[in-house]
Amino acid sequence: MSSTALIHDDEALEPTLQSILDQKTLRWIFVGGKGGVGKTTTSCSLAIQLSKVRKSVLLISTDPAHNLSDAFGQKFGKEARLVDGFTNLSAMEIDPNGSIQDLLASGGEAQDDPLAGLGMGGMMQDLAFSIPGVDEAMSFAEVLKQVKSLSYEVIVFDTAPTGHTLRFLQFPTVLEKALAKLSQLSGQFGPMLNSILGSRGGLPGGQNLDDLMSKMESLRETISEVNTQFKNADMTTFVCVCIAEFLSLYETERMIQELTGYSIDTHAIVVNQLLFPKKDNPCEQCNARRKMQKKYLEQIEELYEDFNVVRMPLLVEEVRGKEKLEKFSEMLVKPYVPPE
């Protein structure tokens, strides 16, 4: 009994993300935390490490601040693009607000819309925007579309600061509800709308209502499939990123509680910006800060004894560009050893 407990303890204490690299069934990896704790650096570094052990990796930023371009020093957009210097690591940045306009526009400007006279275009827009979280949910749909057409083996999400992250994970449910509602409306008013649309020249892009509904139905099926995958610990995990301070620890705890509520697996925490001053270091601020960090680190280890807690040092310069990111990423798999 005691030996089993000891083995479990050893496993729990491995202070690296190696277990994520070893778990070959993983398809979706979310990296999240509050603003300014090094989420993007961590997600880029994790993606770099994954690219060494997986056939193809896609790194997606859903943070409106889009820091991937800054991190790699290369412009990314809403189409997946290979990261310079890699053959199997691609990245893309999604604008949550752009996607729904694209979807509603699909096929022409508002002024060309044959439904504008009926106020139908506006009605569709109002209907769409009245669903909570729908703008970001559409960006999620955009991701799914890309991911389905480009078969990546593993997808890493660099998510927006905490609040948005958890909403992002609810999107499959939000979209499923919205699409179910639209299907119901289409069933009730479809024939009437089709005859009105027919006399007005149809929907933008020459679609009719049935085409639109079947598109939405196939989207709903994809979403429901992904929703199931998100709740499967073999396929999805969430890496929490924080710093050793009260507010960040509080946010992390809140996030872990919510993830557990959504049945989303999380078993790794990356603690960034740690100070390791030498014993005879005369810098009072460094020593005082280290003392505070030590207190919160102990709390993290106590609270999350069954988590892989990775301790990352505060570096003297920014982690930007391929070489620095690669160097930083090594510390995710080989524990950092501070100088004596």
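Keep in mind that glycine also has a Cβ here, set from the backbone N, Cα and C atoms.
Together with Lys34, Gly35, Gly36, Val37, Gly38, Lys39, Thr40, Thr41, Glu245, Swiss-Prot lists one candidate of Asn227, Asn232, Asn272 for binding ATP, that being Asn272. Here Thr40 (ATP binding site) is compared against the recorded positions Asp63, Cys283, Cys286, and the shortest C-alpha distance is to Asp63.
Lys34 (ATP binding site) sits 12 Å from Asp63 (active site), counting Cα to Cα.
Each of the binding-site residues Cys283, Cys286 was ranked by the number of other C-beta atoms within 10 Å, and first place falls to Cys286. As a whole number, the greatest separation of Cα atoms within the ATP-binding residue list Lys34, Gly35, Gly36, Val37, Gly38, Lys39, Thr40, Thr41, Glu245, Asn272 is 19 Å. Reduced to three states, the DSSP call for Lys34 (ATP binding site) is coil. Comparing Cβ neighbour counts within 10 Å across the recorded positions Gly36, Gly38, Thr40, Asp63, the minimum falls on Gly36.
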